[in-house]
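Features of the protein shown, as given by Swiss-Prot:
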ACT_SITE  His106  active site, proton donor
ACT_SITE  Glu673  active site, proton acceptor
ACT_SITE  Cys707  active site, proton donor
BINDING   Gln88, Phe89, Ile90, Asp142  (6R)-10-formyltetrahydrofolate binding site
BINDING   571-573, 597-600, 630-635, 650-651, 673-674, Lys757, 804-806  NADP(+) binding site
DOMAIN    318-395  domain 'Carrier'
MOD_RES   Ser9  phosphoserine
MOD_RES   Lys38  N6-succinyllysine
MOD_RES   Ser354  O-(pantetheine 4'-phosphoryl)serine
MOD_RES   Ser629  phosphoserine
MOD_RES   Ser631  phosphoserine
MOD_RES   Lys660  N6-succinyllysine
MOD_RES   Lys767  N6-succinyllysine
MOD_RES   Ser825  phosphoserine
MOD_RES   Lys882  N6-acetyllysine
REGION    1-310  region 'Hydrolase domain'
REGION    417-902  region 'Aldehyde dehydrogenase domain'
SITE      Asp142  site 'Essential for catalytic activity'
Amino acid sequence: MKIAVIGQSLFGQEVYCQLRKEGHEVVGVFTIPDKDGKADPLGLEAEKDGVPVFKFPRWRARGQALPEVVAKYQALGAELNVLPFCSQFIPMEVINAPRHGSIIYHPSLLPRHRGASAINWTLIHGDKKGGFTIFWADDGLDTGDLLLQKECDVLPDDTVSTLYNRFLFPEGIKGMVQAVRLIAEGTAPRRPQPEEGATYEGIQKKETAMINWDQPAEAIHNWIRGNDKVPGAWTEACGQKLTFFNSTLNTSGLVAQGEALPIPGAHRPGLVTKAGLILFGNDDRMLLVKNIQLEDGKMMPASQFFKGSASSALELTEEELATAEAVRSSWMRILPNVPEVEDSTDFFKSGAASVDVVRLVEEVKELCDGLELENEDVYMATTFGDFIQLLVRKLRGEDGESECVINYVEKAVKKLTLQMPYQLFIGGEFVDAEGAKTYSTINPTDGSVICQVSLAQVSDVDKAVAAAKEAFENGLWGKINARDRGRLLYRLADLMEQHQEELATIEALDAGAVYTLALKTHVGMSIQTFRYFAGWCDKIQGATIPINQARPNRNLTLTKKEPVGVCGIVIPWNYPLMMLSWKTAACLAAGNTVVIKPAQVTPLTALKFAELTLKAGIPKGVVNILPGSGSLVGQRLSDHPDVRKIGFTGSTEVGKHIMKSCALSNVKKVSLELGGKSPLIIFADCDLNKAVQMGMSSVFFNKGENCIAAGRLFVEDSIHDQFVQKVVEEVGKMKIGNPLDRDTNHGPQNHEAHLRKLVEYCQRGVKEGATLVCGGNQVPRPGFFFQPTVFTDVEDHMYIAKEESFGPIMIISRFADGDVDAVLSRANATEFGLASGVFTRDINKALYVSDKLQAGTVFVNTYNKTDVAAPFGGFKQSGFGKDLGEAALNEYLRIKTVTFEY
């Protein structure tokens, strides 16, 4: 069929291309004249194909068709006119000329919303259904007979752009092609339009788009979204015309608190909040506006209205500079009248129109493979310099908002000036707790107060979980490629390394960790952990599985590993940063978001870590950190219906309670690393000197505040006395002192309550008849220092033989020479099974003992040798689930099975 296409825009271009693919002959294209030297996309495409293109500025004069225009049209011999999107008035001499007449696309369900702003009015009226109509043109305004209609649901927050992009554009193209096909087949219907329900609304212009505030919130919301992006709903405020975009009625969780924005005629002043601008209808319901355009055309997040643009300019890498130049070339092609694109060049002031926005977005997305870029981003950053900054932030995984304001406590320590955040970290911002509640965090070296830290309340947990859920379901974190997620975690690890001295010093200050150990282990292994799991991000794979075929058809079954969602992580006080890293790195690598509760007594490195996530570009809401009590914060995380996983390290008693709460709330996935009473068996055929050194480390490492510490040493009778003698000699060489001193190897216990428990533990051991060889008391100096302690003659029935001290207390028991099975029986006679160890030169004995020990980790001729690649976790009442290694990822993933039939 010979077709004349009359119209413009990318929509017209796509319809033209599809009609040619269907085999129709497009005999001519009629489009609008070039604007500022730029041709319309429809005309450009037709010219490339050698199709005659006509660009009449008008078809009529004084209501009469121009004869020369009609003559050029008639010379083509078209059998059908197709008007996919046309802004010109076409005379009836042209409309009625072809054998099959003319068909027009209209973006509403006629007879409703006749007129040029049909999409706008569909939204303004709050219609629940939208769609398009293809009708036979007549001499009325959108009144012709109906040929084809398709409808869709209108979502509560749809705008002109989202409705157009989701349905009206892609389905409209298909609809036009289908309509032409029906005409060619002779089956196209002609149904008269009913007059019942018919409406006509005028074209929406800027001067008519002013907001009427004397109506309910829903009506105001519909007005704003119905005018988004063109012409833009506006109001007068702060002495200028403000245009509002991205409105939503979804205000659950929002509190009507913020900086007041007086709006003449409004029922109540607007409130500028961190979420955006809260507005009120005359029914007192809230709506939220996320973007504001100033009178000078500058677009900004509504949350930044009173702040301006506070983010500092990014320094671009060489690769990013190359990308910027490629984007500059795109701007040059789209803006041919601009001699040179500079940072100050404004896209729209240089002549760009909405169609150019679509072109720019598509070109940049093609240039930056996989980038999430939307038309709105161009409106938010109209100058080239701003656009490049926005683009680079997106490529880096940042959200592009202004830098977070961080309040610090500053302390000068050992030639370092520590800057320590002390507020809750929720949704990418440091904020006070509900009611501004705080508590003191104590320096265990001298008992002094380091600073006041925000004390999270139940409402703060709810806010943090909401932020994590939003980041998981709607944020950038769930959209970026797995490899890009890994890149962000690598950057975070690099930043941790750059700040390792500061982090180690904070660990020493807040947790009493010996600085040199903190640098190597607390911080060093944390860095290694994030690097290890960063490498896993793009290697989380499913499988294809052969199943019985549904003959004669066939089947394909595959599995996908998916993140579970919002995770709660509750960490202990012995390794504040390392325990955070062990769990959080795997959690984030799997694609989850997280709410972390650090131990109440050691919050400061976790909050410093939060700051580093901002610097690394981790999107807001992905990581949230809440210092506070277990009874409030930990309990609420366990009970919260939106938390899908809890990772916990701590006592068995609390672990049982968490497990119960997780089961009763929503059957959360749980992993628990709980108490231990790890046995270390030292045989007479060992390397005694090594056994002594490793035995010392197994107990006194990190002041005994070590989950896998050897809770009980079994020493073969023939070397027992010699072993004890050497241990006591080594204990005498240990320097107890300020953990910040580089030659200290034994610092203070973590907090005073724990120190008191250690004193009581030793008193009970003596009372039950164990021999106290050395230590057993607090060191007579300020702070929470406890003497390295050695007990011998410990019998199996004694309290100290069965219960964990979690301190620098060595418990030694004899066993008869050669009685391997008996000592194994004693070693396994515990409800704990976190770790264990054996020292022997006999490989057969080592293998046999390692087989029989009931523990998640067995060390042979070594101790404390954990590694980021080796799974770590316990048996029995020491918990279940793994940290570290590939196995840790499975704790934060769920497996979905998908089966196809074909």
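First residue shown is number 1, and so on along the chain.
Cβ from N, Cα, C; glycine included.
His106 (active site, proton donor) carries a strand DSSP state (E or B).
Same-chain residues that are not part of Gln88, Phe89, Ile90, Asp142 yet have a Cβ within 8 Å of the Cβ center of the (6R)-10-formyltetrahydrofolate site turn out to be Leu83, Cys86, Ser87.
With respect to Gln635 (NADP(+) binding site), the closest of these recorded positions in Cα terms is Ser825, chosen from Gln88, His106, Asp142, Ser354, Ser825. Note on the region 'Aldehyde dehydrogenase domain' (417-902): its mean pLDDT in the predicted model is 97. Candidate recorded positions: Gln88, His106, Leu632, Lys660. Nearest to Lys38 (N6-succinyllysine) by Cα distance: Gln88.
Taking a C-beta cut-off of under 8 angstroms and a sequence separation of 6 or more, Ser629 (phosphoserine) has the following same-chain neighbours: Leu455, Gln600.
Ser354 (O-(pantetheine 4'-phosphoryl)serine) sits 69 Å from Glu804 (NADP(+) binding site), taking the C-alpha atoms as the reference points.
Within 10 Å of the Cα of Cys707 (active site, proton donor), not one of the recorded positions from the list Ser9, Gln88, Ile90, His106, Leu632 places its own Cα. The DSSP secondary structure for Ser9 (phosphoserine) is helix.
Between Lys882 (N6-acetyllysine) and Ile90 ((6R)-10-formyltetrahydrofolate binding site), the C-alpha separation comes to 72 Å.
In sequence order, Ile6, Trp59, Asn81, Leu83, Ser102, Ala137 constitute the residues six or more apart from Ile90 ((6R)-10-formyltetrahydrofolate binding site) in its chain with CB-CB distances below 8 Å. Ser825 (phosphoserine) sits 83 Å from His106 (active site, proton donor), counting Cα to Cα. Maximum C-alpha to C-alpha distance over the listed (6R)-10-formyltetrahydrofolate-binding residues Gln88, Phe89, Ile90, Asp142 is 14 Å.
Cβ crowding, taken as the number of other Cβ atoms within 10 Å, peaks at Glu673 among the recorded positions Asp142, Glu673, Glu804.
Across the domain 'Carrier' (318-395), the DSSP tally of helix, strand and coil residues reads 49 helix, 2 strand, 27 coil. Taking the Cα atom of each, Asp142 ((6R)-10-formyltetrahydrofolate binding site) and Ser9 (phosphoserine) are about 20 angstrom apart. The separation of Lys767 (N6-succinyllysine) from His106 (active site, proton donor), Cα to Cα, is 92 Å. The Cβ of Leu632 has fewer other Cβ atoms within 10 Å than any other of the recorded positions Ile571, Leu632, Cys707.
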